[in-house]
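Here's the structure, in structure tokens; my notes come after.
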Amino acid sequence: MSFQLSSALLSQPTPFYHYNLGLLDETLTALQQAAQPRNFQVHYALKANANLPVLERIKNRGLGADCVSGGEVQRALDAGFAPDHIVFAGVGKSDAEINLALAADIWCFNAESAEELAVLDALAGAQNRKARVALRVNPNVDAYTHPHITTGLAANKFGISLTDLPAVVAHLGSLPNLELVGLHAHIGSQITNLQVFAKLSERLNDLQTALTDQGHHLPHLNVGGGLGISYEQPDTHSIPDFEGYFSMFERHLIRRPGQQVHVELGRALVAQCGTLVSKVLYVKQSQQTNFAILDAGMTELMRPALYGSYHHIQNLSSQAPEQLYDVVGPICESSDTFRKAVLLPETQRGDLVAIRSAGAYGEVMSSGYNLREKAPAVYVGE
Ligand code: LLP
């Protein structure tokens, strides 16, 4: 069924983010049905959506938190995630952020360079602590996704290259305040070609063999996130292919006895439960096209402007015959375009419009450009 707004929300000032917590629950149930029998641990990537009602639902299912800033670590703690369920990743952690995470005694730091390890060791020593570390490797595996969200290629800034890894592992062994607990990799986001996870598994198998041969024990493997969703068909494909995702690792990743495997999914858990609701301010007929000018723009949902990404758009108010519109926002940038040539029922000022699949990397990436106020969030199905 397509998106509908309850009558109580018809007069809610726009734009606003609308979260369907019932769908979030269904998604989490499907996730756990796929992950638990295969014995995968899931850490939710807060970067996709860090709203407290969303986080509380996720925490209550027993998932952990994957954080990439001090702010996210703090938010995870505020939402009630246990420190030993929190991981801190990121290519550029500041000293203050590391200190915050050390003081909270989080489960693990995903470290990305020899230089970072030296800093982590010094800061842990100053707090009289031993920090658990997983080394993020850059496996040089193409995720076949948008170049801006590909992270596991040699040209990307992320992770330690395969050739540098043995030296970094040796370096880590010389640092008294660090303990190596595993390997981490993340090759990209919005991945729909699941074969790439087989490739990633093979790389990790080879690395593990090499490290085990050198006498290193790796109790944990973290294979990252990245499972994509259907932006084209949010109604018929509202639950992502968790079975396909986990079975790929189940079939291709070699686990050592007792080894735990972590995944850190973001988008797949929260994208479909979020919708940006906006109002049509003006319909402007230009020589070339009809513009439907909304009261939401790239400040509320940056993905189309940043990546040219597709979001399904629905007019919630009209059932008239369809026409083509360029659906744009009010921001002073031509890239403030949700999509060109969208077939919508004939649209007029005051119509409500839903921009779908906006629960992940939507609200969190909003900005105050043009001194816009932040759009509020409403939650249904609580
Ligand atoms: N782990 C690491 C290390 C990551 O960098 C990311 C996402 C994730 C996990 C979660 O990936 P997911 O399961 O959500 O694909 N703003 C972009 C997406 C950027 C993703 C960054 N890293 C977008 O709107 O498409």
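Cβ from N, Cα, C; glycine included.
Those TrEMBL annotations? Automatic predictions, nothing curated.
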Same-site residue for pyridoxal 5'-phosphate (record: TrEMBL; known: GLY226, GLU264, LEU265, GLY266, ARG267; options: TYR144, TYR310, TYR325, TYR361): TYR361
C-alpha spacing of TYR361 (pyridoxal 5'-phosphate binding site) relative to GLU333 (substrate binding site), in angstrom: 20
Site of maximum Cβ density within 10 Å, from recorded positions LYS47, ARG267, ARG303: ARG267
Listed recorded positions among LYS47, ARG303, TYR307 whose Cα sits within 10 Å of TYR361 (pyridoxal 5'-phosphate binding site): LYS47, ARG303
LYS47 (N6-(pyridoxal phosphate)lysine) and GLY266 (pyridoxal 5'-phosphate binding site), Cα-Cα, nearest whole angstrom: 7
Helix, strand or coil at LYS47 (N6-(pyridoxal phosphate)lysine) [DSSP, three-state]: helix
ARG267 (pyridoxal 5'-phosphate binding site) versus ARG303 (substrate binding site) - Cα distance in angstrom: 13
Among GLY226, GLU264, LEU265, GLY266, ARG267, TYR361, the record's pyridoxal 5'-phosphate binders - longest CA distance, Å: 15
